[in-house]
């Protein structure tokens, strides 16, 4: 018997939607979450694919999340939009505010969308790719729970604090990156623990502050930042921009708000959009050519552009479907 089961992308999306609605999420929330989970599985980002359904359901069961919350919008200024998720999942808030964010960026050249009081678990690249689909440059960032120790420290202060960026490219996939400022995403350590696999020593320290290859010990200790003090500084910046600046929780406050329940982190998110046409005016085409020259200079050395591996996985999945570990799929189907 194979350890993996192949599903089509339509089957992944339908299963995700069924699980989510079975546990009380509204149609709008379930569709938004099922879409991004399918995108994660499609692009072989396994820590943000169907595995996340387990956490979604657990968080709803704990009663922290309003599964039927409807986002509300407030125009703070011509260039700033606030989306109040009312303690629902963030994705519906993002999709609700995205068209208005794009309008503001086209009017002002640069615009910000602040999503507040939201529960967030998903990758950010689907969001910045959606901004790039408008022909805009996108950035997104958010804190999480305080799982990550600062460089030189032993106690968790930061979240995994991802940062994502997308640059639209005419006639091709956008230039996209999305990475945690921790050495690895939290979900990757969770998957290693689930599968009984060791982790690289630089990912985390145990509860005694010692480097560890034991994924379960890492989950009880603290994760490390990537790049030492540089990753630590970026993590602090995201705490400030997507926490203090927007009037929402830092990662430490999100952890305190959770109260030991272990639900999806609750915090805010900062999303930025830039319109190249406003910035460049008559030099728009020349600006895009400069960007393409940069990408060509990278690629002709044999270096890989960010997300190329993910785009290749996307093409495979669209043709052949995706493989899901049998045990994980059984756990998910057990939620129905």
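Glycine is no exception: its Cβ is also placed from the backbone N, Cα and C atoms.
Per Swiss-Prot, the candidate among 21, 160, 213 that belongs to the substrate site alongside 52, 186, 187 is 160. Counting other C-beta atoms within 10 Å of each candidate's C-beta, the recorded positions 47, 160 are led by 160. Counting every protein chain shown, the Cβ of residue 186 (substrate binding site) has 22 other Cβ atoms within 10 Å. Excluding the listed site residues 52, 160, 186, 187, the same chain places 47, 48, 121, 144, 185, 188, 190 with Cβ atoms within 8 Å of the centre of the substrate site Cβ atoms. Of all the Cβ atoms in the protein chains shown, 25 others lie within 10 Å of the Cβ of residue 123 (NADP(+) binding site). Counting only the Cα atoms, the space from residue 306 (NADP(+) binding site) to residue 52 (substrate binding site) is about 23 angstrom. Under the three-state DSSP scheme, residue 52 (substrate binding site) falls in the helix class. Neighbour counts were taken at the CB atom with a 10 A radius for the binding-site residues 187, 306; the maximum falls on 187.
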